[in-house]
Amino acid sequence: MASSLIFLLLVTLTFSASTLISAKSNTTTIIESTCKTTNYYKFCVSALKSDPRSPTADTKGLASIMVGVGMTNATSTANYIAGNLSATVKDTVLKKVLQDCSEKYALAADSLRLTIQDLDDEAYDYASMHVLAAQDYPNVCRNIFRRVKGLAYPVEIRRREASLRRICGVVSGILDRLVE
C-alpha cells in the first residue's frame, strides 16, 4: 500500500514538473519566435520576458504589451520635457521648442493608445499606421531643434527618442507577423 502511494506521488510529481517545463518552454518559444520577426530581437525578448503577462499572451497580446511599453516611454518623455526642462528654462525660444516637443511625445502616446484599440478590433493596417505615427513624432521634435540656430538637441531626449523608435520597431515587426 505504501509503495503504491509513493509510486503515485512520484508519477504525479514527474507529470507536474514536465508540464511546468513544457509550459515555460512554450512561453519562451512564442516570445522568441515573435521577436524573431523584429529588428531588435534581444530587446524584444528582454522586454517581453520582464512582463508578467507574457507567459499567457498570444502574439496579439505580446504586441499589446509592447505598445504599453511604448505608451509608458512616450508619456514619461512628454512629462520629463514638460516638467524637468521647460520649468527651469528662461529662454523663451527654447521653452517654446520644449513645449512643442512635449506635445509631440504626448501625440505619440495618443497614437499608441489608438494602436491598442486597433489591435482589439484586429485592424492591423490601422495599428501599423498609428505605430508609424508614434515613431515619427519624436523626429519632429528633433527637427524643431535643428531649425533653431544654436540649440543643441539634449542627450536625454535623444536617448528617449532612440528608445521609442526601437519599441515602435518591435511593435511593427510583431504586427507584420499578425498580418501573415
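Just so it is clear, glycine is given a Cβ too, placed from its N, Cα and C backbone atoms.
Just so it is clear, the model here is predicted, and its values are computed rather than measured.
Disulfide annotation in Swiss-Prot: Cys141 is bonded to Cys101, selected among Cys101, Cys168. Disulfide connectivity taken from Swiss-Prot links Cys35 to one of Cys44, Cys168, namely Cys44.
Each residue contributes its Cα atom, and for Asn84 (N-linked glycosylation site) and Asn73 (N-linked glycosylation site) these two points are 15 Å apart. There are 24 other Cβ atoms within 10 Å of the Cβ belonging to Cys35 (disulfide bond). Remark: Cys101 (disulfide bond) has Ile81, Cys141, Ile144, Phe145, Ile157 as non-local neighbours, by Cβ distance under 8 Å and separation of at least 6 in sequence.
Asn73 (N-linked glycosylation site) and Cys35 (disulfide bond) are 19 Å apart (CA-CA, integer value).
DSSP assigns Asn73 (N-linked glycosylation site) to a helix. In the three-state DSSP classification, Cys44 (disulfide bond) falls within a helix.
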